[in-house]
Each structure stands twice: as C-alpha cells, then as structure tokens.
Amino acid sequence: MKIHKLCFLALLLAHTTSAVNLNLNLKTSELVFLGDAELGPASDGVSRSGALSMTRDENPFSHGQSLWSTPVPFKPSSNSSSPYPFETSFTFSISTRIKPAPGHGLAFVVVPSIESDGPGPAGYLGIFNKTNNGNPKNHIFAVEFDVFQDKGFGDINDNHVGININSVTSVVAEKAGYWVQTGIGKMKHWSFKEFKLSNGERYKAWIEYRNSKVTVTLAPETVKKPKKPLIVAHLDLSKVFLQNMYPGFSGAMGRGVERHDIWSWTFQNSAKRI
C-alpha cells in the first residue's frame, strides 16, 4: 500500500510533553495518505473539493487512511496508566450511489503507526483485516460512522455510530442522530432526532475522552453542539494507547460507490501529568 505525503489544510501543531493542539483551517500543511485517501476531487472532476476523501469512486472496494504525519503523545510514558484527556471535532459527509448497495462508512482513528498492516475494505472500514481483527496488540481506538449493516460484525443497523477498540465490532453503538431539549422550566424534556448518515449532508462530530469516559456527540453541521451526547461509555484506554500515537481518519466501501469526506478537523490533547 502506497503512502502519500501531500500539502493540504493547515494543521498547526503546538507540542509540549503534555499538550498537543491540532487545528485544520483549510490552508496548507502535511498529512500522510495511505491507500486510496486523497485530497478529494470537486464535482467537476477536475478541481479539488478542499475535503479529505478516504475512498475513490472509480475503485471498487476502495479504502484509505489519512493520518497526522508526526506522532502525538497520548500518555506521559509507555507504562503510564493515565492517558492524556483529549477532544476532537470534525465535519464530514458520506455520499452514496444506490446501486449496487453502498457502504460501508468512515471512522476517526487513533493508530500506533503510519505503516499500515494491510487494512481491509468493506466492513473492515480501512482499519482492520481478517487476520488482525480483535487482536489486543492492535492498539487501535476508533469511532465509526457505519452505513452498512454487517451482522457478522454485530452491527445494530445500517445507520449507526460505534466505539471500537482493537476490533471492527463495536463495544457500544447507537443509531445515528442527536438529542434536542424542548419545553420550558419543569416541562423540559429530551427528544431524539435521527438522521441518515449517508444522505450527503454535512454533520459534525465531537469526541472527548477524560477520566476513563468517552463521549460522542453528533449533529447537523449548522446545529450547535447538543448538551446531551449520543454515546457515553466508561472505557479504560490505558492499555490501548501507546505513549505516542497517530490520530486521523479511515474509510472504506464495498462494491457500491460511496464518498467519505472530511471537511474540517480540530484535535486537542491537553493534560497534566498524574
């Protein structure tokens, strides 16, 4: 699998031993592209859209990754049991063509290296493969945005968000959507609004990890961050994260054509040593 380095959107790196800030502001910088990932083409097929694209229309079973090109500290030391808290947000879209059945989805990933160990297409989401799926030595954390139900991987439906640790099978998953609070005073209540991830619209995701708790919040791009997360999961990632890791994105499709685009991205890792 080829590794491409490409000047892309400005991810500004402010780095100390205990803090990292990445900001993507649609200008210039360097990412690492693996597989079919690229700076995506615009609808005219000639110019570039300004988005990171994980898959290519012309390649059946296309899959790829785009990662930050330098290692980011996720723990104070290799044997630390206290990973740094982190938060990331990004805007994405998934666009499909109906025939054949589209799939499969994209994911925010944190991986131990940029040397890919043969990630697979389709349900493996460009992260895992048949051989390494489920291996605790993978040291991979991911949040998937899955638009194809693969019952063999335990998918709850064809439109869900899940947290994955070393496996394409999610440890927790919820149908895609967001929470809205309505009413006044004591009459306030939460209502859930479901939406289709693969309708081509842009959505924004917020992922946070602190005190062994992962929260995932999702909403349409034009909606402010909901106060109630879509997913709250108590997970100890101290055995998953190595001292240095590479954050980024992956995506994969099957026979059907599907675009997986990232339009903006911020990442912050800021923590005191414990």
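Note that the numbers count up from 1, one per residue, in the order the chain is shown.
Cβ atoms are placed via backbone N, Cα and C, with glycine included.
Annotation comment: Swiss-Prot describes N129 as N-linked glycosylation site, evidence class experimental evidence. If you look up Swiss-Prot, you'll see S238 marked as phosphoserine, on the strength of a large-scale study or a structure entry. For 28-268, the entry in Swiss-Prot reads region 'Legume-lectin like'. Marked as region 'Disordered' by Swiss-Prot: 62-81. What Swiss-Prot lists as signal peptide is 1-19.
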Grouping DSSP H, G, I as helix and E, B as strand, the residues of the region 'Disordered' (62-81) number 0 helix, 8 strand, 12 coil
Around the Cβ of N129 (N-linked glycosylation site), how many other Cβ atoms lie within 10 Å? Please give the count over every shown protein chain.
-> 15
Cα-Cα distance linking the residue listed as 'N-linked glycosylation site' and S238 (phosphoserine), given in Å to the nearest integer = 23
Can you count the other CB atoms that lie within 10 A of the CB of the residue listed as 'phosphoserine'?
-> 14
